[in-house]
Every structure is written in structure tokens, then in C-alpha cells.
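> Have a look at this one.
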Amino acid sequence: MTSVSLVWIGDLDQDKRQAASYNSISNEKYRPKRIELKPSQKEIRIGRINSKNPPDYPIESCINSRMISRNHATIERLSKGGCMLYDHSMNGTYINYTRVTGGAILKHGDIICFGHLNGANLKPGETVSSFYSDLKYKVELSTPSPNKNSSAVGATATTVSKRKRRASGVSSNQRSDGDDDDNDDDDVSRSEDDAVSDTSSNKHYHHKQPAAAKRPRKSVCDDVKKS
């Protein structure tokens, strides 16, 4: 759900005509630095402090303590989304220097001023020149980020899963390495057995060269006959 914040950007101290009275009439606590409609809230009231209908955010201008009405404005959350600012005052509430007529939907970046020194003479919907104000705010709309705890749980589960996969891979590699070592040992053993077998065979087996053919010996009688 969207959160609406009005961030204080008061600039009355830049007005030389009002600089002397900037802190002389109203207390700093009546110029809240942040006015917020939280996601859990449907409405907040803004106005001059009073005991009959105390506002959620009491405000008061140092220009004139009566410039702000007791029930000056409300910010309400709409059922279809968005937030509406309603003006109930005599001197007006101004969005981007235009006096609000009844109510107006707030947009991110809007400039809001509560009250105007000549507000009693300004009609709703009338636009005025930009002016200095000690009750000037800028609208900020924000949507809460997803639950951090859920994200953390998801991240933890993912990390654990990755660790398990890595551990499984290491275990498989270790088994493969062990199998390879066993195979290597078997190969060495077989090689040694073969070598022993070959050596043993060589001791009992001798390769005989074929005997040279003998020529027949001549008989003495043959020589006598020929002569």
C-alpha cells in the first residue's frame, strides 16, 4: 500500500520582509518536518492546535497565528487507490500555488502550502504567484518494498541448495578418484604379474636355431673309380 509523505521545504527565511519574525510567533514544533499518512492509516487531520478536535499534525504559521484553521485540511486514502487532500480552511490550502477546490488527488512532487496571507480574498481554484511560506511541503509517494524476511529466507534456501550440490559434486569426484586409484593399482598389479610370467617363461623356453645342412662326405672308392 502506498505511503504518502509531506516533506517540509519551508523557505520563509528567504523573504526579507518576514525574516525578522520567522521564529518570533510560532514554535518550531508546529512546523513538522514530515507529515505522513502511513499504510495502516485511512486519514490524518492537519490544523491549528486545539483541545476540542486535536489534529494529528498541529501546525501554526509565524506570519499570523490565526492563518491556520483548527480543522485546516485532511488527507484521506481512497478505496480505489491514491490519496485525496481536502481543504476546510478560511485561508486555503494550495497545491502548486492553486487554491484547492474541495479536494485534490496528490501526486508525487506536488508543492503544498498551508494558508496564504491574503487567503481570505482568494477564491477556490484561483492560482497565485509562487510565494514564500513557513508551511511549505513537497509530496512524496512511496510503495513499501517486499518483505525482507521472505527475501532472506529465500536467499538462505538457495545458498543451502547450492552448497549441497557442490558437496555432492565433491563427493562424486572423490569416489571417482578413488575408483581410478583402485584401477591404477589393478593395472600395476596385472603388469607386475605379466612381467613375472614373462620372466618365468623365458627361463624354460630356448629358441633353437635350425641346424646347418651337412654336405655328404665323399667316399675314397668314388675317387678311385673316377680315376
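Note: Cβ is positioned from N, Cα and C throughout, glycine not excepted.
From TrEMBL, here are the annotated features:
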- 44-100: domain 'FHA' (DOMAIN)
- 142-160: compositional bias 'Polar residues' (COMPBIAS)
- 178-187: compositional bias 'Acidic residues' (COMPBIAS)
- 203-218: compositional bias 'Basic residues' (COMPBIAS)
> Quick check on the domain 'FHA' (44-100): DSSP residue counts for helix, strand, coil, in that order please.
0 helix, 21 strand, 36 coil
> Taking only the residues in the domain 'FHA' (44-100), give me the average pLDDT of this model.
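A mean pLDDT of 95 is what the predicted model shows over the domain 'FHA' (44-100).
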